[in-house]
Amino acid sequence: MGVPAVPEASSPRWGTLLLAIFLAASRGLVAAFKVTTPYSLYVCPEGQNATLTCRILGPVSKGHDVTIYKTWYLSSRGEVQMCKEHRPIRNFTLQHLQHHGSHLKANASHDQPQKHGLELASDHHGNFSITLRNVTPRDSGLYCCLVIELKNHHPEQRFYGSMELQVQAGKGSGSTCMASNEQDSDSITAAALATGACIVGILCLPLILLLVYKQRQVASHRRAQELVRMDSNTQGIENPGFETTPPFQGMPEAKTRPPLSYVAQRQPSESGRYLLSDPSTPLSPPGPGDVFFPSLDPVPDSPNSEAI
């Protein structure tokens, strides 16, 4: 009631549209590829040959209207993006170092690169490389490989790959080139730093525990001194009055008593002497015949004792 029915004819239309979108997206995903570098760092001694390699992963579009260009150039490491700057390798421009499909482009003959100690190679597995012969420290830098897919002379996809070449001068630098990944070296460095931090922490743990123990001892000693001082202050108060406390419900409020005060006074005795004298007052001298104990009258003899 009140809900319009959806026409059945719209369902096939939506299904056809979704199927077309899915096929277009899947076709784009299948046609996508990327460029990778097996090694990101090459270390070569001076005078050796350095071969830098890039690799295309994924299916590449095929057809008469599709052209794949692969080229090499020098660049620098940027803060945001690498391989943005284009510089020629040994005075060779970008057009001179281009591949066309799996073969070299027609305008880049083998004689021109070889005259400058360069050699380009490519295979059917997506690998393409450049070889620098008799390298010198001037050849050190960041090398980039660029792959461009053109359809009807319009660029469709553009991918980069980068690697660094370090040329070591001197006779003791070795005899062969070494290739490695910077990620591996970074992971090794991170593991070494973590291990060193653990060792330092274990060595510093006893010192930290000792400092904590000393601090607790000082705190306990200070607390004991405060308790002793409070106790001595409490004992120094003589005859304090009762503290007023709030009365409980149903009980009369206790009245506070004033502190007791007592003044010593002298009280005369029967003999005329003072039983209690003020401080620093000598006792009165005894009278003649007075002794401490009162004299007793003699007891008369009983008649019974005389008869005996």
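Cβ coordinates come from backbone N, Cα and C, glycine included.
In Swiss-Prot this protein carries:
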- 1-32: signal peptide (SIGNAL)
- 33-191: topological domain 'Extracellular' (TOPO_DOM)
- 33-167: domain 'Ig-like V-type' (DOMAIN)
- N49: N-linked glycosylation site (CARBOHYD)
- C54-C145: disulfide bond (DISULFID)
- N91: N-linked glycosylation site (CARBOHYD)
- N127: N-linked glycosylation site (CARBOHYD)
- 192-212: transmembrane segment (TRANSMEM)
- 213-308: topological domain 'Cytoplasmic' (TOPO_DOM)
- 230-308: region 'Disordered' (REGION)
- S232: phosphoserine (MOD_RES)
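Everything Swiss-Prot records as a feature, shown here on the structure.
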residue	record	Cβ within 10 Å
N49	N-linked glycosylation site	14
C54	disulfide bond	26
N91	N-linked glycosylation site	7
N127	N-linked glycosylation site	13
C145	disulfide bond	27
S232	phosphoserine	9
DSSP helix/strand/coil residue counts for the domain 'Ig-like V-type' (33-167): 11 helix, 70 strand, 54 coil
Between S232 (phosphoserine) and N91 (N-linked glycosylation site): CA-CA distance (Å): 95
Separation of alpha carbons, C54 (disulfide bond) and S232 (phosphoserine) (Å): 87
Three-class DSSP secondary structure - the residue listed as 'phosphoserine': helix
Cα within 10 Å of N127 (N-linked glycosylation site) - qualifying recorded positions among N49, C54, C145: C54
Spatial separation of C145 (disulfide bond) from N49 (N-linked glycosylation site) - C-alpha basis, Å: 18
